[in-house]
Amino acid sequence: MTELRKRGGGGGDPDSSDKEADLDDRLGTDGECDGDSKADTPDVPLSTADTDNTPQYLNKALEGLPPRWKNYWIRGVLSIAMISGFFLIIYMGPIALILIVMTVQIKCFQEIITIGYRVYHSYELPWFRTLSWYFLICVNYFFYGETLADYFGALVQREEPLQFLSRYHRFISFALYLAGFCMFVLSLVKKHYRLQFYMFAWTHVTLLIVVTQSHLVIQNLFEGKIWFIVPISIVICNDIMAYLFGFFFGRTPLIKLSPKKTWEGFIGGYFATVVFGFILAYLLSQCQYFVCPVGFNSETNSFTVECEPSEIFLMQEYTLPAALQNILTWKTVNLYPFQIHSIFLSSFGSLIGPFGGFFASGFKRAFKIKDFANTIPGHGGIMDRFDCQYLMATFTHVYIASFIRGPNPSKVLQQLLMLQPIQQLGVFHTLHSHLRERGMLPPAAAPQAE
Amino acid sequence: MTELRHRGAEAPIQTQPSEDKGSDSELRLEKDGASDGEWRNWWVRGILTLAMISFFFLIIYLGPIVLMMIVLFVQIKCFQEIITIGYSVYHSYHLPWFRTLSWYFLLCVNYFFYGETVTDCFFTLVQREEPLRILSKYHRFISFALYLTGFCMFVLSLVKKHYRLQFYMFGWTHVTLLIVVTQSHFIIHNLFEGMIWFIVPISCVICNDIMAYMFGFFFGRTPLIKLSPKKTWEGFIGGLFSTIVFGIMLSYVMSGWRYFVCPVEFNNDSNRFQVDCEPSELFQLQDYTLPSFLESFTGWTTVRLYPFQIHSIALSSFASIMGPFGGFFASGFKRAFKIKDFANTIPGHGGIMDRFDCQYLMATFVNVYIASFIRGPNPSKVIQQLLALRIDQQLHIFNSLKAHLTEKGFLPALEDVMA
């Protein structure tokens, strides 16, 4: 969630006040010729994001308007463009979505690493860019390999090289990571130890944040596109609604960290988002395209989204509590259970999601940058758009794991097939007696295929 | 891997692979006196080394629970050492929330990892007790909520003039957690596979430490890496070979004992840990035909080995070749932040981190090695997951499994299965 940054007009940005933090970077120098102590000091050069460099054609088109309106226009147009882009990629299907998520992840990683480089003047250490990108590739390989092995189990078993890669996946990933680690150790240069360790840590924290979250987004996607669309839409809606409510009714400031946020915007955004999530969940729960887990059809080698919708996507009747009954004069209401879940998702997106935005604001103040980058005119970088999404993706994943689904059946089958035959027999007998108890199998004679 | 640090005297003998800080001025500050100081230092280090090794034997004897607690204690101490360094680097003492937040994050992450381990290993016990069952079912959610609370506290605690400091400490805490907690979690996992998977790797690293030092002391001549000028190639290679030999002998001795070889299991009836089982074929003697050149060399045609001894060669090699990189990393870290030792906990040896810097990579490697080459999934865990599925999914899996087993010939084609 970002507040409007007025590029043209003044805006009383209280960024300039934390000069002091810089003094802490200076440690007493001693005989060690480690030039880092100077390099740590803190005059972060002005980021290019601070200057106004909207594309020329937009400038021309909006020549006649005063700067403030020009800014609104640009932001408005870009917002609509991004939302349309969102709809387009949903239409295009799972592969496109995965590719988009990967692109966003790579861009976010690049933005944060670039900030780190600037802060630490690391440009003259060429190994660093290579090592950072190498670690990104390693961690992505590990995560995507795990995901692929789970979901494309049948395909993987078929192809011999893939089977080998999948069986020793952890070992290969670890070996790749170790190679990067050793390269780092070998690349330590006498005068730049501290810089290098900082960049190493910076890279790892960035990977922790960016890559794990994008991995969770992909896993949510495989549960069903609705688990991808609804959380992201909720965060976008909260962004826009909180801004609108703040614009029209805003009075009491919310937190010192972001002085433009107001309580009115916060609460208004909360209620508006809950309603929006409720309605969106209703609309989407009807389409199998959104509701079904993304499966991979081994025969046609394509993704399928066809299934029997699970019971959270089947209309059920709920008895209203007495209080609501008086107000609405309805006794029962037909809802999808998913709509109840969407209330929780919306609440999280509105109440806790902003903390991700505050974190990013604090980060930008700490490192004296206005925006993460300048990728989107009027909006800043990709990270600026996605800073609230991160917590949301993790929450959705944890929510699904805890309250919605059990373990993934194909994964369990995979593990079964990896056991020793004797163990498989043992499991078979246990399962057999369990199913017989539950009445799923006839007590005598051969079990029929269902 | 740590080499001897001479606190008393400046390091006179070039062949000793002890650490050099780049300038001897710091060492000189601690000089006690003449060569007396040097011998006293040797004595102190020697005695402490023997004390630590005896302590190691003692805790092995005491059993799995004690081992787990020791690992937890070491982890907490390492975390504290690294955080203290971070504090002193960033002069964060006047931000009281930090210590609290860092320790809170440590608690959260530990709760998450130990909760997962406990759920796996003590499954039946957990299912029996009602509060434990709820905690286990919603474990991820509870852990995440706890972490989020810490995250929100961090955001709310951001103070105007100290943003950068606070972000640095946040990053520092998280990287430390990533290193320290995940590794200790791997160690516990290895332990549950069988105490031998805990003892042999740690012993290999300790042996490599000592042997590399000895070889370097007696034969050391060519320096190994600029980062640690006292390490030598002779020490490195000599350490590699002697560690491999040591590993083979140690695994031979240990593979004969059930106490070490069996996975640690929790007995629900007696509510205790037990280590009783049928040793897997890794730990049963087998005949290996020697390749011809070794045959002519030793005059034997076959040799009886435990397969585990072959694995121990891989473990020893890793400890000798990669373990030192962990030590170089720690040396670089200490130079970057201009500290001599992580802390002063063990006289003559520095802090706990100094002792354990090489162990970390080893623990991860052993865990990955076991997962990739040794064991498959745990059958009881698979059953757990099966029972958590929906009934129609269970039926589907049942049929697939039946088809698979019938194909392989483990089930008679005519179904007549009784338990």
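Positions of Cβ are set from backbone N, Cα and C atoms, glycine also.
What TrEMBL says about a protein is an automatic prediction, not a curated fact.
Sequence annotations record features per position, and here TrEMBL assigns region 'Disordered' to A:1-52.
As annotated by TrEMBL, compositional bias 'Basic and acidic residues' applies to A:16-41.
Look at TrEMBL and you will find A:72-104 (among others) tagged as transmembrane segment.
Here the transmembrane segment (A:125-144) has long-range neighbours at 102, 105-106, 109, 113, 117, 169-170, 173, 176-177, 180, 183-184, 187, 189, 192, 195-196, 199-200, 203-204, 207, 211-212, 215, meaning same-chain residues at least 6 beyond its ends whose C-beta is under 8 angstroms from one of its own. The transmembrane segment annotation in TrEMBL covers A:125-144 (among others).
According to TrEMBL, the transmembrane segment annotation covers A:171-189 (among others). Sequence-distant neighbours of the transmembrane segment (A:171-189) (same chain, 6+ residues past either end, Cβ-Cβ under 8 Å): 125, 127, 131, 134-135, 138-139, 141-142, 145, 165, 196, 200.
Within its own chain, the transmembrane segment (A:201-222) has Cβ neighbours under 8 Å at 94, 97-98, 101-102, 104-105, 108-109, 112-113, 116, 120, 131-132, 135-136, 139-140, 143-144, 147, 151, 228, 231, 293-294, 389-390, 393-394, 396-397, 400, counting only residues six or more beyond its boundaries. TrEMBL lists A:201-222 (among others) with the feature transmembrane segment.
The transmembrane segment annotation in TrEMBL covers A:228-250 (among others). Residues 1-4, 79, 83, 86, 90, 97, 217, 220-221, 260-262, 264-270, 272-273, 276-277, 280-281, 284, 290, 342, 345-346, 349-350, 353-354, 388-389, 392-393, 395-396 of the same chain sit 6 or more residues outside the transmembrane segment (A:228-250) yet have a Cβ under 8 Å from a Cβ within it.
Under the heading transmembrane segment, TrEMBL lists A:262-284 (among others).
Annotation comment: TrEMBL describes A:338-360 (among others) as transmembrane segment. Residues of the same chain lying 6 or more positions beyond the ends of the transmembrane segment (A:338-360) and with a Cβ under 8 Å from any Cβ of it are 1-2, 226, 230-231, 234-235, 238, 242, 255, 257-258, 261, 266, 269-270, 273-274, 276-278, 280-282, 285, 312-313, 372, 383-384, 387-392, 395-396, 399, 403-404.
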